[in-house]
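What follows is one structure encoded as structure tokens, with my remarks underneath.
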Amino acid sequence: MSFTVAIVGRPNVGKSTLFNRLVGKKLALVDDTPGVTRDRRPGDARLMGLTFTIIDTAGLEEADEESLQGRMRAQTEAAIDEADLSLFVVDAKNGLTPVDTALAEMLRRRGKPVVLVANKSEARGSDSGFYDAYTLGLGEPTPISAEHGQGMLDLRDAIVEAIGKDRAYAKEDVAVTDVDIPPSENEADGEDEEPAYDETKPLRVAIVGRPNAGKSTLINRFLGEDRLLTGPEAGITRDSISVEWDWRGRTIKMFDTAGMRRKARVTEKLEKLSVADALRAIRFAETVVIVFDATIPFEKQDLQIVDLVLREGRAAVLAFNKWDMIEDRQAVLADLREKTDRLLPQARGIRAVPISGQTGWGLDKLMQSIIDTDRVWNKRISTARLNRWLETQQIQHPPPAVSGRRIKLKYMTQVKARPPAFMISCTRSDALPESYTRYLINGLRADFDMPSVPIRIHFRSPDNPFESKKKRT
């Protein structure tokens with residue numbers, strides 16, 4: 001992108017609505033409740049021929065530095081310092097407040113270009129608020145309606161004037177790896193090659209877990225900076241925020257998500273939106289790190305989150321966080337491994353790593369587990385190897401006989417990866433018991449080294465050409 005723009009203003013003036021309008025999709029949560037946005041969220045904006053990086057920020061308020069609102073303010077000020085230009089959004093419908101005046105003074109002291117944006121200008125009675133905005137001393141306000149998309153051409157012109165035409169329209173080459181590409185399903189039936197794993201491809205990783213498990217602290221430790229808002233309060237994160245960083249030459253895009261509580265406890269509309277946003281992050285990710293609080297692990301909600309991730313077909317890694325607070329580490333680790341195997345039978349062999357997001361202990365091992373798990377998630381096995389394996393499995397444990405007739409498994413192939421899925425041609429596929437399917441899945445995990453990922457097997461019986469004749473007679 002040619003330049004970076006921060007959207008700033010007091011709470012509930014429509015900053016996230018404008019952000020969503022500029023990126024062309026609903027990335028930021030929007031609600032009437034003030035203070036929905038807490039972390040700074042970047043996005044790729046397009047506006048009438050302009051392309052730039054846009055940053056949504058928390059509403060600015062006067063607050064003590066150590067309070068939650070104070071830490072939110074620090075995140076917003078960091079975005080202003082990072083940006084080349086600020087869009088200062090005021091509410092033309094409800095008029096100015098003393099907070100607007102204080103923010104205008106703060107932006108003036110920064111000495112960076114500012115575009116004053118009078119949002120909600122479509123509302124009846126907004127003229128008074130629009131003209132009041134002149135008193136802020138930041139030049140002529142640009143009237144817009146972020147909700148209805150009005151005034152976008154004027155906003156484009158104001159940005160170009162503030163940043164300069166040469167800077168506004170500067171071209172920049174975009175590498176292929178900068179483009180988000182959804183997981184592909186272009187693997188063809190019966191393909192007999194086992195392609196090498198691409199260790200240079202950018203990797204999307206979602207960090208999920210219960211509230212206050214230490215997800216944001218973990219990502220901040222990876223980044224080496226206080227990029228995400230953290231604190232003792234549960235439920236600080238609301239939006240799913242993505243950040244990029246480099247690990248040993250590979251681009252990692254991590255998604256911080258809101259803490260996920262049991263559905264029965266989620267009553268507020270805003271929390272429901274946050275959980276839905278976290279679910280979207282899981283579906284977009286390739287590997288999901290499920291963060292447990294090692295001091296109180298394996299709550300019922302932890303198990304449900306693991307089950308959800310596996311049902312979505314994602315590669316999963318368990319991270320037992322707050323390891324710095326554990327005293328008898330060897331005994332606790334042995335207990336955690338026993339409980340993992342017992343309580344998560346559907347995730348047999350899943351990688352589980354003790355870590356401390358606070359101190360950074362164990363993070364290299366966690367990243368290597370993420371890479372190894374993604375390698376398995378992308379794994380392809382040749383048809384020839386699969387059919388030799390299938391023959392051996394049937395010799396060791398033949399399929400059961402149903403009504404005196406033994407089921408025959410004739411042919412096996414991998415139909416897709418991400419996650420690995422297989423098709424087996426057999427007789428009487430509808431009669432094959434679930435226990436035999438589990439036997440085959442466990443065999444695939446053990447013989448082809450495939451822990452930590454969901455494995456799916458589909459059975460198909462060949463069409464019987466005489467079936468229609470039987471029905472006619």
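Using N, Cα and C of the backbone, Cβ positions are placed for all residues, glycine too.
Features as listed in Swiss-Prot:
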- 3-167: domain 'EngA-type G 1' (DOMAIN)
- 9-16, 56-60, 119-122: GTP 1 binding site (BINDING)
- 203-378: domain 'EngA-type G 2' (DOMAIN)
- 209-216, 256-260, 321-324: GTP 2 binding site (BINDING)
- 379-463: domain 'KH-like' (DOMAIN)
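Recorded features from Swiss-Prot, shown on the structure.
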{"residue": "G9", "record": "GTP 1 binding site", "Cβ contacts under 8 Å, 6 or more apart": "K15, G59, L60, F88, V89, V90, D100, L103"}
{"residue": "S121", "record": "GTP 1 binding site", "Cβ contacts under 8 Å, 6 or more apart": "A92, K93, F130, P143, I144, S145, Q150, G151"}
{"residue": "W323", "record": "GTP 2 binding site", "Cβ contacts under 8 Å, 6 or more apart": "A294, R329, P354, I355, S356, W361, G362"}
Euclidean distance between Cα atoms of G209 (GTP 2 binding site) and N12 (GTP 1 binding site), Å: 28
Local backbone state of T57 (GTP 1 binding site), from DSSP in three classes: coil
Separation of alpha carbons, T57 (GTP 1 binding site) and G209 (GTP 2 binding site) (Å): 24
Using Cα positions only, nearest of the binding-site residues to T57 (GTP 1 binding site) (N212, K215, T257, M260): T257
Model confidence over the domain 'KH-like' (379-463) (mean pLDDT, whole number): 91
Secondary structure composition of the domain 'KH-like' (379-463) [DSSP: H/G/I, E/B, coil]: 31 helix, 23 strand, 31 coil
Which of L60, N212, M260, all binding-site residues, has a Cβ with the fewest other Cβ atoms inside 10 Å: N212
Among N12, T57, T257 [binding-site residues], residue with fewest other Cβ within 10 Å: N12
